[in-house]
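Starting off with a structure, shown below.
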Amino acid sequence: MKIGIIGAMEPEVAHLVESMEKPSSTTIAGIEFVAGQLAGKEVIVTRSGIGKVTASIATTLLIEKYAPDAIINTGSAGGFADDLAIGDIVISSEVRHHDVDVTAFGYEIGQMAQQPAAFIPDAKLVAAAQKAVASLGEVKAIEGLICTGDSFICDPVRTKTMLENFPTMAACEMEGAAIAQVCHQFDVPFVVIRSLSDNANNDSPVDFDEYIVKAGHHSALMVIALLEQL
């Protein structure tokens, strides 16, 4: 089984690359793809860059060049669930865009025209992630809605609006829905796994800088544990 793994930033993929056996690196359009073995599986780890456009480019290149059987998106996120702390993990139950609005044409808020309102992760990948939670010790993990947009969220007014639009949102980030949409187009199974680096509030810029390495490491450990379940 060949698995593609996508993270936006170096701290989000560093532990994965360091843990790989026989890594081989290729760069296409400024995006690095590292192929090798991880947890007994053939993997391609990709550092996409930040945001929905670069994530879409990276996902398309990954699928076209390497033909993975499934894709895992890993990394950090801002937390919206009251019972989660920095470092805890959200496994996607569904993924949506929070910054898309074509409701004038009868679509749901967050739904791009001619696309589903929500992108649903692969049930087998989610089940493997659930089993992997037990190996993480004291790190808490839940399933929940993950929303994506091209903004770093730290404004309480914007947070309030987002929760009005998506009241069950557990986390927000900047790549997941774009990756999920590309996977949907190519019919490739996916799951998004994110560790919280901040709580999407006024302290988020400080928290993010302080905790991004911790969040990236926790998310990477979760990915490795998931691979061991496949």
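The backbone N, Cα and C atoms fix where each Cβ goes, and this holds for glycine too.
Worth saying up front: this structure is predicted, and the values here are computed from it rather than measured.
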Given that Swiss-Prot lists G78, M174, E175 as binding substrate, which residue among I109, I142, I146, I153 does it place in the same site?
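Matched candidate out of I109, I142, I146, I153, per Swiss-Prot for substrate with G78, M174, E175: I153.
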Which residues, in sequence order, are found in the same chain with Cβ within 8 Å of the centroid defined by the Cβ atoms of G78, I153, M174, E175 at the substrate site, excluding those residues themselves?
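Not counting the recorded site residues, we get A77, T148, G149, S151, F152, C172, E173.
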Roughly how many angstrom lie between the C-alpha atoms of M174 (substrate binding site) and E12 (active site, proton acceptor)?
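The separation of the Cα atoms works out to 13 Å.
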May I ask for the distance between G78 (substrate binding site) and E12 (active site, proton acceptor), taken between their Cα atoms and rounded to an integer number of Å?
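E12 (active site, proton acceptor) has its Cα 14 Å from the Cα of G78 (substrate binding site).
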